[in-house]
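J.: Sharing a structure below in structure tokens format, with a few things to ask.
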Amino acid sequence: MKKNSSDFCFSNERKAQLSEFLENLSIDFNNFDLLNTALSHSSYSNELDQKSDNNERLEFLGDSVLNLIITDHLYKTYPNKSEGELSKARSYIVSEDSLSSIAREIDLGSYILLGRGEESNDGRNKKGILADAIEAFVGAIYLDSGFLIATEFVVGLFDMYIRLMFNRGDFKDYKSLLQEYVQKKYKISPNYKLDKEIGPDHDKVFCVELYVGEKFISNGKGKSKKEAEMRAAEVALKAMEDINL
């Protein structure tokens with residue numbers, strides 16, 4: 001459920017919401033003031049007093065932390081990839097499109113504090129706001145728990161996207177591209193439904209169906225639900241212009 005940023009300041013209610021967010025991600029956090037700042041957009045702080053913090057400084061820090069973690073992970077995990085391939089992969093992973101897509105995956109937008117103007121303009125779904133917030137969140141994790149914990153979080157969140165990129169041989173985020181296309185053309189969002197799981201627990205394959213409205217569009221399979229959704233989105237996007245919804 002979306003949180004109305006004009007309804008509260010940093011109250012017990014807000015702490016409960018932040019606790020819910022952390023629980024969903026299985027993350028421990030010591031400094032809730034720091035976490036709250038990471039999820040406070042400048043439009044929100046501007047509506048309060050000048051002493052109120054926003055996430056711009058944490059975004060600045062998190063951008064560098066995120067780049068280092070991704071660079072280190074790519075270098076160590078893909079020793080046979082060239083410098084050019086690694087640079088291209090890193091640029092894609094830390095792009096606004098990728099960061100905003102990952103932010104949507106963890107429902108980050110629901111916990112961002114926004115000013116009334118951004119709230120009314122669907123700021124929770126804006127790529128720039130989501131990408132900035134996830135950078136600020138990474139910066140906050142780094143300050144709160146150190147580089148190792150920040151690395152574990154980032155790698156756990158991003159590794160599937162990196163593996164998909166190299167496996168497909170391209171650097172497109174089909175879920176984000178499909179969502180933009182469908183929202184622009186039909187004013188709704190695509191819906192992914194888990195159809196079935198095949199195989200033993202140690203080698204499970206997930207089968208996902210993709211719908212636009214009530215209409216079935218495509219399906220996809222993968223070693224995780226996210227991978228299956230990405231593959232379903234890829235099929236749908238390539239066929240969408242030929243489908244009469």
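From the backbone N, Cα and C atoms, a Cβ is placed for every residue, glycine too.
Below are the features listed in Swiss-Prot for this protein:
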type     : residues              : note
DOMAIN   : 18-146                : domain 'RNase III'
BINDING  : Glu59, Asp132, Glu135 : Mg(2+) binding site
ACT_SITE : Asp63                 : active site
ACT_SITE : Glu135                : active site
DOMAIN   : 173-242               : domain 'DRBM'
J.: What is the three-state DSSP composition of the domain 'RNase III' (18-146), stated as helix, strand and coil residue counts?
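T.: When I sort the residues of the domain 'RNase III' (18-146) into the three classes, I find 94 helix, 2 strand, 33 coil.
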J.: Whole-number answer please: how many Å between the C-alpha atoms of Glu135 (Mg(2+) binding site) and Asp63 (active site)?
T.: 5
J.: Quick check for the class: what is the C-alpha distance, in angstrom and rounded, between Asp132 (Mg(2+) binding site) and Asp63 (active site)?
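T.: Counting only the Cα atoms, the answer is 8 Å.
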J.: Long-range neighbours only, meaning 6 or more apart in sequence with Cβ under 8 Å: which ones does Glu59 (Mg(2+) binding site) have?
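T.: Sequence-distant Cβ neighbours: Asp132, Ala133, Glu135, Ala136, Gly139.
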J.: What's the number of neighbouring CB atoms sitting within 10 A of the CB on Asp132 (Mg(2+) binding site)?
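T.: Taking every protein chain into account, the count is 27.
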J.: Can you list the residues of the same chain, besides Glu59, Asp132, Glu135, whose Cβ falls within 8 Å of the Mg(2+) site's Cβ centroid?
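T.: Result: Asn55, Glu56, Leu58, Phe60, Gly62, Asp63, Ala131, Ala133, Ile134, Ala136, Gly139.
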J.: In this structure, which of the recorded positions Asp63, Glu135 has the fewest other Cβ atoms within 10 Å of its Cβ?
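T.: Ranked by other Cβ atoms within 10 Å, the recorded positions Asp63, Glu135 bottom out at Asp63.
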J.: Could you count the residues of the domain 'DRBM' (173-242) that DSSP puts in helix, in strand and in coil?
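T.: Split into helix, strand and coil, the domain 'DRBM' (173-242) gives 34 helix, 24 strand, 12 coil.
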